[in-house]
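S.K.: Just passing along the structure, written as structure tokens.
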Amino acid sequence: MRGWRLPLRLAWRDALRSRARSALVLVMIALPVLGVTAATVLIATSNVSTVEGLDRELGDADALVAVREGVDEVAQAPNPDDGLDYDEDSGTALTPAQLAAALGDRPLTEVRQGWGMLRTDRGATDAQLTEVDLSDPLAARLVDLTDGRLPRAAGEVVVNQALADKGYDVGDPLRLRGQDSPESVVVGIAESSRVRSEPAVAGLVGSLGFETFDTSRTWLVGGGPMDWDEVLALNERGVSAYSRTVLEDPPPASEVPSEVEVYESSTDETALAIAALVVTMALLEVVLLAGPSFAVGARRQARTLALVAASGGTPAQARRVVLASAIVLGAVASVGGVLLGIALAAALLPLVQSFTSSWLGPFQVAWLPLIGVAGFGLVSAFLAAVVPAHLASRQDIVAVLGGRRGDRKPSLRSPLLGVVLLGVGIVGAVLGARPGGELLIAAAAIPAVLGMVLLVPVVLAVLGRLAGRLPLSLRFAVRDAARHRTRTVPAVAAVAATVTGVVALGISTSSDAAEARATYAPMLPAGAAIVSTLGGQDAEQVRTAIGREVPGAEPTDIRGVRDATEEQYLEVTVTAGSDDWLLSSSSSVLGSSLLVGDELPPLLLGVDEDERTSAARVLAAGGAVAFTDRGVRGDEVGVRVARSDGMTGEPIGRPVSATLPAVVIDVDPASTGPVAVLAPAAARQMDLEVTTVAVAITGARVTEEQEQAVTEVLAATASGQEMYVERGYRADGETLIIQLVLAGLGALLMLGGTLTATFLALSDARPDLATLSAVGASPRTRRGVAASYALVVGFVGAVLGAAVGFVPGMAVSRPLTTMGGETCVITGSGSCTPSGVQVGPFLDVPWLLILGIVVVLPLLTAAVVGLTARSRLPLVARLS
């Protein structure tokens, strides 16, 4: 038996003989292979390469050429999107007639793309606009007609289903916002090849009357393949080309112009390191889950292996017999997992498509990565059988042939190595508890988990010695687990490794959420809402929209000086005393940083009634109200207003300054607001143009549906502003989703490890349980033993895993939630306001998650096992 042929035959027959155990191993190995395969196929399908997207960009054309205004020569990469060099204002661009002459006899049709605002039944919406002759053969496959017909003349358009869902149908007029927009009629529903869920419109050139993205003009070109030499010739005339032939068969790098900087994706070493850590932990988890099955298999083959050894077989041959089972089962599970994963990916395509805004690519099976996935399954099965194979080769032959256990006395080297590895993991976590140390902490988790695995036998042995006062069923389970370490240790370790990851990730995500919650700074009082406007001309439309969509709301105009227009920017500086700055930061959440009024506007944060009364007296006297977060005091302030050109930044005129009587109000540094509020007389004194800059909404709480409705209505106005509603800190759902996924995944893996070890242990202990029954044990005893064994595996593993998981979880929360120096506070609008002080660290332990994983789940598993286990067994004769 020198080769692998006979061991593989024995393994195949043993797999067919022990169908239940074989099925268990197949499921343990095939499930992760299936999941990774499905994810790999779906990712490959959703990532549309340049070649796969050619039909979306070109239709049936052979190339897409572009001419930019003021450019007479370009240098490009094979794909212009990866590299394009040109010098604007270097010359005169080709005219359409000159371009046609340069292309020879090739047919071409112009394409224009841009964005526009379309009126809907409720208000308005953005839409992608395309002007092209869709009946031209070159434009075939740019749209997929589902209803009606394609445009045949100017003034006819097709819309996609996303726009049809907003109220458009065949025969309806297209309501483009803008006086210069031509009248168009919808003649068909057609899906765009580029966008899926965003509104899109297409018609003949001139039908939509919009400005293109930039100063370039593009044409679809036919007439056969356009090779690289033709592309270079067009580049010399100032034309860039997106050629189907060149992209499918790109030229060598030596033929690409040297002045072109080709943008290539770089390898993220951190991402690779994280991926390696994830793969390592996943491999370890699968090995630990499958380990008990191979341990029981090796136990059942103990007599066969002893006979082989008694007949002159070597330990290597004994190991080969056990490892052959792993090869057979691992190969079947890997191949089956890959095939089922491909089928699952195909079934999930419609679901995945519903979550993406663009069309997926063709169904793509990347065989090379899938071979690696299958190899992962085979390697995990092989590694799961290494320890049982090693122990099987060291068994006591005489004891096994005599019907007794042949396990050798465990060595002290493994526990000592476990202590060292656990210490290394803890030290690594401590060293990584500093800014930027997240990767070190993640890497340190691996030796910590391995060290814990090596210490599990010691824990089981200690529990076995302390089990004397426990009830019979629990005492039997604890001591049986300690005695049969080869099948118990992997199961307990699998549960522990799972709980370690769940606890560590749970603490880190909860702490991150706690940081966001603690550092959140509201922009407005809770429940308040505001709509900023571009000018007073829109205020009436805003008030009307609010009154119609939000019953009971009380719109209040907020007056001020606009911070910016299309022509200029306004910089407002308010100082007190010796040029002391009053605020570290400000915002225009109320429409402007410089407000004007006879009293303080509503929705100001941190201002009480007494301060409002004092402010009203000062404003009535023609003064100003200033705000400070730096403790500045004074009874007058200096206000300076400087204007600059909106395009060039050059100053416009001389700054306007005034010294005004004032009251200074303290505000929270985290709550940014206006710099000051001026009296109307003071604004006139400084010759400032005052207008309605916002409309505050009080008297009613705005629901999310009402907010969306008002936003869509406002999109139809000239200002197109959106409403902001202060809803306080609201988790984006990611933390909750992560914790639910962690709980679900942890529960699944814990159940898998616990149930596997429990049923294998019950199968292995059938003679002992039958003997207990023969000497008078009640039928409930076996159920009690089954439940106790599940409790031992689940609870011991969960406690060990939680203890180890706290180390990386608490360590990573420190660099993850600590900000120092010029840090920022998250404001209601999502912006960052510098705080200049250290924030954090934050630590939040998800006790409910940990309690459920460590206590509730093991008890629930034990109860289920106890209720479903068989209570009666046939008597089994022992070998003499």
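Cβ coordinates are placed from backbone N, Cα and C, and glycine is handled just like the others.
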S.K.: With TrEMBL as the source, identify the stretch among 412-433, 676-697 annotated transmembrane segment.
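M.R.: Going through 412-433, 676-697 one by one, TrEMBL gives transmembrane segment for 412-433.
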S.K.: Taking the transmembrane segment (488-507) as reference, which of 439-467, 784-807, 847-869 has the most Cβ pairs under 8 angstroms?
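M.R.: The stretch with the most contacts is 784-807.
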S.K.: What are the DSSP helix, strand and coil residue counts for the domain 'ABC3 transporter permease C-terminal' (278-396)?
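M.R.: Across the domain 'ABC3 transporter permease C-terminal' (278-396), DSSP assigns the residues as follows: 98 helix, 0 strand, 21 coil.
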S.K.: If I count Cβ-Cβ pairs under 8 A between the transmembrane segment (321-346) and each of 366-391, 439-467, 784-807, 847-869, which range comes out on top?
M.R.: 366-391
